[in-house]
Amino acid sequence: MAAELVEAMNMVKSFRVSDLQTLLASMGRSKSGLKQDLVGRALRLVQTEYSPELLKNVRQLYETRFPKASAWLAARRPETVAVNYPALNSSPRGTGQGTDYLNGIPKPAPPPAAEVKLVPLPFYHNLETLLPPTELVAQNSEKLQESQCVFDLTPNQVDQIRNSSELRPGMKSVQVVLRICYTDSIGVQEDQYPPNIAVKVNQSYCHVPGYYPSNKPGVEPRRPCRPVNITPWLHLSTVTNRVTITWGNFGKRYSVAVYLVRVFTSGELFNQLKHCSVENPDRCRERIQDKLRFDPESEIATTGLRVSLICPLVKMRLGVPCRVLTCAHLQCFDAVFFLQMNEKKPTWTCPVCDKPAPFELLTIDGLLSEILKETPEDVEEIEYLTDGSWRPIRDDKEKERERENSRTPDYPVVDICVPEANGHSPAHSGTNQTGKSGSGGASAGTGSTSGGSGGGTVVDLTLDDSSEEEGGGGAEDSEETDDSQDSPAPKRGRYDYDKDLVTAY
């Protein structure tokens, strides 16, 4: 047991990044990170979860890369190992069969037929397997190869296709799809097209998804590798259907499979998510309290966590807050927009932290759903507190808007009063409105002085010295006094012409 464990660890240390990612993905582990992180993660996996299945996967990966060395290791294995792992095609020592050796040197073992498993897709539910994963075998050394596969439809399968509803005109919800993936590695495989691919169904070429244009300079366009719908070109009867695949042979091995599937829409997936994966608000509060719990060993105490109510995908207010169970953040994204975007361009990546976000791990935040119903539309951010409660966060613009709309002003009020009949302004406004009170008193200044009433003298500051000297005659003063009692005297400037006749440009 110890010798096998050491052997498996040595094999893991010689793996490439792609081999490490395949091994970790086959065992349900994260395959992101640098090579040293992947190696450490794979070694811990071998040490902590050692099993015959894991050892088989490690050996198959190693034999794929080092076929000669794996044959030599297979010849050195004891009989017990060969009995426990017959699928490796390794011959035990001491059998005495001459076919296992050639001139005293053990023959290299043929490459194992790896069991290919395709990753399940949320929008495609497998009903039946029409053609299991089959390797595309090159017939010659030409770069452009052609492979053919055949399959038949049963009457029940034909009825399922014909009686299914339409997603849109001409597209049924029950389809026959073709999927292609790598064969070089083991474990669960994602869809991957070979270069120069072309698919012909019953002598008619079918559509294969093209490349996504890239907005970044110097970045090659990316091709979406999704199942190919071949239903419109099939014989919906018991007649045999033939599929011809043209592909480029550039050293990598591929496998092809055909499935009968039911296609879901983003709305149907959202209904599944809404009925099966909603996190209880009390559980959300417990998680918030755990994050904000005081740590005596930490020098920094967190008193609150701010969460935006704006979806990072579409920059709009959240409708259905959703997040991934494996993510550490509390920030959510809108579930409806997330499913719609993955329906058009499947990436299944968290828009907050860019980590994998498979549909099986999505959940609706029940607490944030209640908060969205209680808060007005203008609130764009909230803060979770240590006791699990929350409070809205308003920015400076909203505070200023509320201050303007409030009835109680924050600044002193200045009263502008009308002068009294005797030409004097009120005492409380004389200091604030000096110019206005003085000019207002000037309109009745002559009348107040001639009448001999009590009070201070009001001086018209708009008149200059020359105007006072011109009007100095006694008879003229009495006439002007009589006129001023009937109507206010017009202000006189230092110009002889009438100001009303001057045109302003």
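Positions of Cβ are set from backbone N, Cα and C atoms, glycine also.
Per Swiss-Prot, the features are:
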type: BINDING; residues: C327, H329, C350, C353; note: Zn(2+) binding site
type: COMPBIAS; residues: 395-407; note: compositional bias 'Basic and acidic residues'
type: COMPBIAS; residues: 437-457; note: compositional bias 'Gly residues'
type: COMPBIAS; residues: 493-505; note: compositional bias 'Basic and acidic residues'
type: ZN_FING; residues: 296-381; note: zinc finger
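Within 8 A of the CB centroid of the Zn(2+) site residues C327, H329, C350, C353, the other residues of that chain are R323, V324, A328, Q331, V352, D354, K355, A357. The average pLDDT computed for the zinc finger (296-381) is 90. In the three-state DSSP assignment, the secondary structure recorded for C353 (Zn(2+) binding site) is coil. Counting only same-chain residues at least 6 apart in sequence, those with a Cβ under 8 Å from the Cβ of C353 (Zn(2+) binding site) are C327, A328, H329. The zinc finger (296-381): residue composition by secondary structure is 22 helix, 20 strand, 44 coil, according to DSSP. Each of the binding-site residues H329, C350 was assessed for Cβ neighbours inside 10 Å, and the highest tally belongs to C350. Cβ neighbour count for C327 (Zn(2+) binding site) (all protein chains, 10 Å cutoff from its Cβ): 16.
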